[in-house]
Amino acid sequence: MVKAIAVLKGDAGVSGVVHFEQEADAAVTTISWNITGFEPNTEHGFHIHEFGDVTNGCTSSGSHFNPFKKTHGSPEDENRHVGDMGNVLADANGVAVGSAKDPLIKIFGPTSILGRTVVVHAGKDDLGRGGNEESLKTGNAGPRPACGVIGIAN
């Protein structure tokens, strides 16, 4: 099993940790998260971006990780970016905790997420259903209050 981690930080009070686990090259990856500092009862876009560059905060992490040149979608869609992880839901205390399994996200191989950046967005991801061109690129999720580079975990 290989494990990876991204420690999310930003300048808006949002912070957290995202864990990735994959048993073998062809296996589904398990993602789990614990993110704090949101407004209560809100949803936030949650993506893997193409670069592990946070020199200018989260904006230098580039676009969603999209090695297969697809349009933006939900994690359940066949036509989606590899980095499309949907939304995280903050509870009444502004904390988002959850997990998911994803067949496209890989720690191993040519489409590895290692060295890329997890970004949590200020707004809800419309999952590519917003009816405009930006929806098909970003899900209209808005600014990037926190992010973290994905690295190998212990």
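Any Cβ shown, glycine's included, is placed from N, Cα and C.
Under the heading Cu cation binding site, Swiss-Prot lists HIS47, HIS49, HIS64, HIS121, citing similarity to another entry as support. Cβ neighbours of HIS121 (Cu cation binding site) (same chain, under 8 Å, six or more residues apart in sequence): HIS44, GLY45, PHE46, HIS47, ALA141, GLY142, PRO143, ARG144, PRO145. DSSP gives HIS121 (Cu cation binding site) a coil state; it is part of no helix or strand.
In sequence order, ALA6, LEU8, LYS9, GLY10, HIS49, VAL54, GLY57, CYS58, SER61, THR117, VAL118, VAL119, VAL120 are the residues near CYS147 (disulfide bond), counting only same-chain partners six or more apart with C-beta under 8 A. Positions annotated as disulfide bond by Swiss-Prot: CYS58-CYS147.
Under the three-state DSSP scheme, HIS81 (Zn(2+) binding site) falls in the coil class. The Zn(2+) binding site annotation in Swiss-Prot covers HIS64, HIS72, HIS81, ASP84 and rests on similarity to another entry.
Per Swiss-Prot, substrate binding site is recorded for ARG144, and the stated evidence type is similarity to another entry.
Counting in whole angstrom, HIS72 (Zn(2+) binding site) lies 8 from HIS64 (Cu cation binding site) by their C-alpha atoms. Counting only the Cα atoms, the space from ASP84 (Zn(2+) binding site) to HIS64 (Cu cation binding site) is about 7 angstrom. The two recorded residues, HIS81 (Zn(2+) binding site) and HIS64 (Cu cation binding site), show a Cα separation of 7 Å.
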